[in-house]
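The next block holds one structure in the form of structure tokens; read it before the comments.
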């Protein structure tokens, strides 16, 4: 008779945490079977270590911006992994079993934690790469630096994006009928967010973007303005074919922190869509709306 | 047979899931408008659109009632063709709208690359295993695009993975031949 | 009009039919010759029943052997098309379009069976659905129906067009007793027009419905005959006792303190009348 058996034929119910951990352990073993994950990671590493180089950058700051979006293919892989895991929840398996659907969903989410660890490692690699390159270029004379390093919240955006990627994959996987539609949709969402990040760089749009790429361009004067008249500590962008006047390249730690809050708020809302109705779902909805709204308002207030 | 397919067109269109293509189209058209408003060239947008739309087009071959319909006189290939024709019409409309809205070079919105990716995906779906063929086929366009993005230019490998962009029509022809060879599948 | 094989007179005939999946031989040199009537196909899980039915429904091609269905060769594209106009098939665990109503679903299958007259299609679809007890549900979305009702919609789709060869893979799955009885009368009607071949795990279904039974095991047909002959095959080889019997090839509990045994009964054993279950268990055991 096992220790968990109290009397003949009746088993003592194990704690929910133990059930979640046991389910998560089986799920974790399935995650690496997803082809998109290693491919996405390989592409992200190739981009970070092979392609992004300040010595060959197209404009001052393209390396700095590129590092913020270098993990997009990895995010696609993570979303697909989550979608595959949550798509299995559409199959009614052991509906009468003691473990409710919400616990099963939590176990699937727990199984995604190693992926967040992987992205954490990737963010650390980004930080190392910047230091290895001796810093990055941001801005144009007279407001220019050659030793820019992304701040902690900017680096942590990769992790916040991974949380969003898990939530997005979970929501689409749970709610859509077939992976043949989920995979291209995830591809489109992440590529539009990553490859066209400059679309969301306008001060009015950037608080609501998925990937926030700093510096944010804030118009400060016409083309004939004297750049030496601007404060010394401002990083500048000179007039070019895409902007008529001078702009300030605005970098802000608090803006990056609040944007991470915005991403986590969105992730909560998406997770609510992936979970069955109940208290947890309502809490996620309320918490997600609050966090997203507060973070977005704060971002708007931070941008000059 | 044409008369039968014509009669089957309306119920088949109801059996197809349109939500994914509608969502993707909305995203792409908004992105096209934003890129046009920003005044920057965005030749990558049609490439991303081609991969996503081709993938969704192949995904529309997913037929939950496949087992039930397997022994009807209208063959699986004819039913696939009907689904592709219905979904293909919608995809071409979105593609045309994208070409009109986005500020891209005419070469970027040529329909060849879209057809090359879609035909390759359909060929894989036809020859793939019965249960997973459509999924494998739907993955082909997006994966091909991603690999093409990742492979450094200049070498033979880059030339090969870039064929869907540089020489789409031979790719379409080969894929169609592969599909025809599998017409009884 | 029913077409039979010109040589054997059978509606369904196979010779040396074989299908392999890698090292596994799912169907192994099966010879069949079936005329009008209802034929039951019994066999344990993994015996090759579904593979055999899929070949006979023209969905799967055999690796070796000959098949003649309704006197036609399904390996010839033109003849396969003709066969497909005249057969009905219910796959195992059929899936349907959840957004359709039963009437729309059956009508859709009728279109794909090349029935072009809309009025005829609608009337046939209604008749099939009503015969299967879905008259009051035919305008409800399929996704809102129970599993048993969805099974009946798929059955109605298989029945549309009065097929001369009806191949049904576990048709009674999920049906309640009342619906099983309704299904029996529908299939009995179909058997007047041609051949109904159905696989099942339910021997009671076979004895109530079938004129002929095939027992399949490990890809081979190991027994063929009338249901009563299958029960008789175990006659004199079934006995009951309160304890294990070393001479029995198979024993199982039938109630508190009572075991039923199959094999050669020892002297003085209490031999009982054999059933279809006994016959089935004996022939599948002997086949191994």
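Every residue number used here counts from 1 along the chain in the order it is shown.
Every residue gets a Cβ built from N, Cα and C, even glycine.
Annotated transmembrane segment per TrEMBL: A:35-52 (among others), in sequence order.
For A:64-86 (among others), the entry in TrEMBL reads transmembrane segment.
Per TrEMBL, the feature transmembrane segment maps to A:106-128 (among others). Counting residues 6+ beyond its ends, the transmembrane segment (A:106-128) has Cβ neighbours under 8 Å at 19-25, 27-28, 30-31, 37, 41, 44-45, 48, 67, 70-71, 74, 78, 81-82, 85-86, 89, 149-150, 155-156, 158-159, 161-163, 166, 170, 271 in the same chain.
Sequence annotations record features per position, and here TrEMBL assigns transmembrane segment to A:155-172 (among others).
Proximity of distant same-chain residues to the transmembrane segment (A:179-200), defined by a Cβ-Cβ separation under 8 Å and at least 6 residues beyond the stretch ends, is recorded for 36, 65, 68-69, 72-73, 75-76, 79-80, 83-84, 87, 165, 168-169, 172-173, 206, 208-213. The transmembrane segment annotation in TrEMBL covers A:179-200 (among others).
Per TrEMBL, transmembrane segment is recorded for A:256-276 (among others).
The transmembrane segment annotation in TrEMBL covers A:283-303 (among others). Below 8 angstroms of C-beta separation, residues 203, 206-208, 216, 218, 250, 252, 254-255, 258-262, 264-269, 271-272, 275 of the same chain, each at least six residues beyond the ends of the transmembrane segment (A:283-303), sit close to that stretch.
Same-chain residues lying 6 or more positions outside the transmembrane segment (A:64-86) and placing a CB less than 8 Å from one of its CB atoms are 27, 30-31, 34, 36-41, 43-44, 47-48, 51-52, 57, 105, 108, 111-112, 115, 118-119, 122-123, 126, 129-130, 136-138, 148, 150, 154, 157-158, 161-162, 164-174, 179, 182-183, 186-187, 189-191, 193-195, 197-198, 211-215, 274.
Same-chain residues lying 6 or more positions outside the transmembrane segment (A:256-276) and placing a CB less than 8 Å from one of its CB atoms are 86, 100-102, 105, 109, 151, 153-154, 156-157, 160-161, 163-164, 166-168, 170-171, 173-175, 206-210, 212, 214, 282, 284-285, 287-296, 298-299, 302.
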